[in-house]
Amino acid sequence: MIEVLLVTICLAVFPYQGSSIILESGNVNDYEVVYPRKVTALPKGAVQPKYEDAMQYELKVNGEPVVLHLEKNKELFSKDYSETHYSPDGRKITTNPSVEDHCYYRGRIENDADSTASISACNGLKGHFKLQGEMYLIEPLVLSDSEAHAVFKLENVEKEDGGPKMCGVTQNWESYEPIKKASDLNFNSDQQRFAKRYVELVIVADHRMFMKYKSDLFSICSRVHDIVNFINWFYRSLNIRVSLTDLGIWSDQDYITVQSSAENTLHSFGEWGKSVLLKQKRHDNAQLLTAIVLDEDTLGLAYLSSMCNPWTSVEIIQDHSPINLLMGVTMAHELGHNLGMKHDEKDCLRGATLCIMRPGLTPGRSYEFSDDSMGYYQSFLDQYKPQCILNKPLRIDPVSTPVSGNELLEAGEE
């Protein structure tokens, strides 16, 4: 008989609720401090991995007990994931960190069918969970007791001053192809709506990002991993797995001219991606994450219906918010344009959920792709038949013959 060991981390709600606090996510009004309790069932004598494949936490939200079930996101990284930065003298340094035992999870709340969760457990619990239609953020508190966490609603994060923040894609960038509404698509009731597809993603952080995060490579990597975990979650409704295959950090200088004109920077990044990046790393899509302030309150820009094109399967995104969830929404939005999605109406809702493809970013309860976005995506698949997103990310043997089939020319291919 297997003996079950319960590993318990003190469960309690801190004896007060705070009215205001400064957290990594910004200035937060109305939060509560909780101590999550981790419950792990292990056979007697078993060696506990640092990050288990499945975990369960108990905590109290608004005074009510909540059980959070988490499962490791095993599709977050490609198996040949790499990280690249540069020495002060311009020497390129590429490493292949082990990602088998990573700390990024997705999950749900027990007894809440509409719940979701996207959590990093690298240093405490950090991320979001959707409970009874409300979006909550959780992050560790820097207190004498290391197990204390803040839980707060996204709507309680103070909004930044200034006008609405917008995507830079306009009608001038869009084609006028007829689309199929999601409700009109012929889906086999015994099959999923969309066949499973895979996007191998490269993210490049520019030199301003490196300086913004005080030359701390680890901080940039951790932030990007958190964000991609959110992106991966959003795209599950389309049966798309977004896997990070390389994270590049321009630690010594910018390798294109990064300017406040989003259109010019996007054009330059696309040229660099085709002439340089594509020869360095197999990928389907590349995003430039920049700390420059883009003109006209623009948060990002992308080409429409360009996935698998070696020059235009790119986006640029401004690092506009300390909240990883909101950065994930923006980056998922711009990627959506590459996958054929046009903008929703500015007040688009899917039930009580905000539509990801709204033209402007609005902090809300939660985010999903609309039926129209799904229709645009299906039309893109039908018209363009993108091949690069059909292949599942696999480990690449650097001495093996390059494998084709992704519409992007690999080094060594004809």
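Backbone N, Cα and C define each Cβ position, glycine as well.
Ca(2+) is bound by Asp284, Cys388, Asn391 in Swiss-Prot, and the record lists one more residue there from Glu155, Glu158, Glu200, Glu334, which is Glu200. Of the cysteines Cys308, Cys355, only one is given by Swiss-Prot as the disulfide partner of Cys348: Cys355. DSSP gives Glu334 (active site) a helix state. When the binding-site residues His333, His337, His343 are scored by other C-beta atoms within 10 Å, His333 scores highest.
According to DSSP, Cys355 (disulfide bond) is assigned to a strand segment. A distance of 9 Å separates the Cα atom of Cys355 (disulfide bond) from that of His343 (Zn(2+) binding site).
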